[in-house]
Amino acid sequence: MQALLFLLALLWPPEAGAEEIIGGVESKPHSRPYMAHLTITTKQGFTASCGGFLINPQFVMTAAHCKGREITVTLGAHDVSKKESTQQKIKVAKQIAHPSYSFYSNLHDIMLLKLQKKAKVTASVDVISLPSPSDFINPGKVCRAAGWGRTGVTEPTSDKLREVKLRIMTKAACKNYEHYDYNFQVCVGSPSKIRSAYKGDSGGPLVCAGVAHGIVSYGRIDAKPPAVFTRISPYVPWINLVIRGK
């Protein structure tokens, strides 16, 4: 995860996003059982991919810019190029993007995917905890992001899950992003490090002490940190309403 997240809209069809892991390492197989790989068919008929994470046996969280005509979720995967016995492939029944999501500003870049059936919880497939609405991660904290995205600006996407350590930055570090909003977004990745999420990682989680605090959203086209992640805590009340079917 070295590269910065870039607005997928600029590189992929607008229905799908993709950021990658640059400067990271291969994850221990199945050590992140909440990770989801999304195969997306766009409205134009192209195929794209995003990351996501299981927050409930029937709901996966991802970025709103990963929306497509159809999405299939693969859970329990390490190497997405192989048919692993741990994998569960489930089609998405409903894509629920946040009602205030803006394609132009990329604010409220969060979406819930309701699966056609509940995932079977196993050693390789499990949910991850979310923060409380008042839980704000502070600058200086080191968290991790994971995904199957590119391992470099000119490199292909990775078949195997990779992860990277990223530092939470102050809002001043993201001042050059015109629409950055500290209340709803997290500034992630030290400019002094060649580490980030990049194309293919969009929608994946930012995990701090075992809790999903952010969602890979966007960054610079040259993958230079910091990048912008959606902050999850302000959306917890909305998330709970969606899961309850309200």
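Yeah, the Cβs are placed from backbone N, Cα and C, and that goes for glycine too.
Among C66, C143, the one Swiss-Prot lists as the disulfide partner of C50 is C66. The average pLDDT computed for the domain 'Peptidase S1' (21-244) is 90. C50 (disulfide bond) sits 9 Å from H65 (active site, charge relay system), taking the CA atoms of both as reference points. According to DSSP, C50 (disulfide bond) is assigned to a strand segment. Between the CA atoms of C208 (disulfide bond) and S202 (active site, charge relay system) there is a gap of 17 Å. Neighbours of H65 (active site, charge relay system) among the recorded positions D109, C143, C174, S202, defined as a Cα within 10 Å of its Cα, are D109, S202.
Most buried of the disulfide-bonded residues C50, C66, C143, C174, C187, judged by other Cβ atoms within 10 Å, is C50.
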